[in-house]
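**Student:** I'd like to ask some things about the structure below.
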Amino acid sequence: MSSTAAFYLLSTLGGYLVTSFLLLKYPTLLHQRKKQRFLSKHISHRGGAGENLENTMEAFQHAVTLGTDMLELDCHITKDEQVVVSHDENLKRSTGVNVNISDLKYCELPSYLGKLDVPFQRACQCEGKDNRIPLLKEVFDAFPNTPINIDIKVNNNVLIKKVSELVKQYKREHLTVWGNASYEIVEKCYKENSDIPILFSLQRVLLILGLFFTGLLPFVPIREQFFEIPMPSIILKLKEPHTMSRSQKFLIWLSDILLMRKALFDHLTARGIQVSFGTMHFENSVAYQFTTSVK
């Protein structure tokens, strides 16, 4: 390679690195900051599972009374096309009955068990008096001013359409975010109703990380508005340390190093994207905690 070619190559690379750094720090030089319709620093996962039976009206009311910024819930659809709030499609874990929600009419759904294991907290159970699976519209009726994060649990076109119709009916586009870890589901949600903010799918999270580490992220437009990831180190709290191999612990450590990047969070926040990461915190009736502060 001639000295002239090397000079141009180094100049181009240097210009790219400087521009990437500046736009990473000041993204509004290129991108218009997204308007944040609400700000959520505390999100009650499944309504605050761990303090009440998950995804019940009692759990949601408890979380709102405590002052949560957002309710997170999961949706499925019944045989008679009712949108219900439940994490599992199969109700064996939560009700003791081995049936699928999609195979039953709403009136046929069994009640929750009196106690449920909390899957994201070791040796923890939740219990409550309210053991009824609620309809999504009941939650909308009860909490008209509370932001709600909806996880569309199955790739079902009718479910996505029904949820969109309910959001429109209750005029909640400005108070709702929806999506799933599945890229296909998120794409369907956006196509069905682009007025409702969407979550990053797992595929998009991995893409964002790749763009970040290659310096390309500042140049790429982003349509999602909520970046939610679990803290990998939380896995260590869910398992007995002696049951994990060194390679598993190393992978968790590496994932933590790659994901928990303050520069990435600062950049997304500056672009008006809310960043949330789970911390699994139970203290003084504070249920499942998400943190949006990256300072």
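Including glycine, each Cβ sits where the backbone N, Cα and C put it.
As annotated by TrEMBL, domain 'GP-PDE' applies to 40-295. What TrEMBL records for 6-24, 205-222 is transmembrane segment.
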**Student:** Restricting to the same chain and to residues at least six past its boundaries, which positions have a Cβ under 8 Å from a Cβ of the transmembrane segment (6-24)?
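**Tutor:** For the transmembrane segment (6-24), the list is 30, 215-219, 263, 267.
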**Student:** Just to confirm my parser: what is the rounded mean pLDDT across the domain 'GP-PDE' (40-295)?
**Tutor:** 88
